[in-house]
């Protein structure tokens, strides 16, 4: 017997792919999501740090502006040539400097002397000049400059977030930086890629604070993450391959057993029921193989029942074609017409004979649509003799449509239903409209009769699916069942009606 290793290999590949591919996609999506969230968080923190730093620097600037404004009048009486006034002035400036949340240096310079707290003689050109004031003292006019070396806030931002700060003037000249990549006095030109920053205005001189970060600094963390993910992926590949191979082997063993049982079933050598070694969904197939023999008997019974049903429908077809009530009523009409109008009676007899010849013709079950419409016209003509020309028939069908074939006697039940259930004391107008599409023939029969109530309409629709012997709507029921037998589920019969507004029957059959 053939081995089924190709299937086993295919199953193993499928299992392996279904295991590894989702994990791989999750890892890729996770990596992309990580960097997307990282960028979003960095933008948020840069915005927050920029706003905090701007607020702090503006508060320092405002504080010294208020201080100098308040002391301006008093300083006009201060003589900085006297040691006592010098000491007092230094104490005032040191007090204001030490109150601020930043490392500040003041530089008070006159024409002959200067004072500062920059005892270490740091390079003030590398500091940010927060404010500059011209102050008139008693002995001379001095220039007061307040420099910022750094702030705890900027140090924490650089230490914890890796974000650096720049202060530039209106010409993008660097005034302050805590990053070695930029120098005081050079033009600020941010990199085009991998560089996040945000800028806010600091003062009326159009100086701007810029907080920025180079996201390339996170490459090392990203590489470490990729290495970890790569190791995990390799382990998953190894584990997934081994697991897929074992699972494919188990499943293929059950399938091979099922194939053997199918082969035995073909040769009618299948014994008693034997379950598979491993319980799985394949057990349903195994059960089906054994149930197949029992279902064969049920299938034979179903075929016999269907054949009986077809014979019943054929009997009803013969019964309907003879139309005993229609024949009886027509014969009474002829009997009534013979003494009064022999010519009319002769015409009715000729029409009736043609109708009987048409309905009893058994050479074919299909006819041209033109023949069926001619039969309908004769049928309505006889009914008009009975009902004093109270029925008006209109046929809307092109010549090309009339050459299409249709099942014999498949339109008459629709017209008969319109006359039987739609006629009242007013003239009855029946319109037959036939349209041809690419694959279907659409037949619409509309009357302006009394129509049906919603409950009656629902009852008629339900009766289409009843047994041919269990419904009073024999004509429509028979038509529906015959169409289902002849055309299958492609045939459709829809009924629409409103009380006192007429009835519309839509009949759809596929082209033969």
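Just so you know, glycine gets a Cβ as well, placed from its N, Cα and C.
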Write down the single range among 201-221, 222-242, 243-263, 264-284 that appears in Swiss-Prot as transmembrane segment. 222-242
What else in the chain is close to the transmembrane segment (20-40), if you only count residues 6 or more beyond its ends and a Cβ gap under 8 Å? 196, 215, 218, 222, 225-226, 229, 232-233, 236-237, 240
Using all protein chains in view, find how many other C-beta atoms are within 10 Å of the C-beta of residue 325 (phosphohistidine). 9
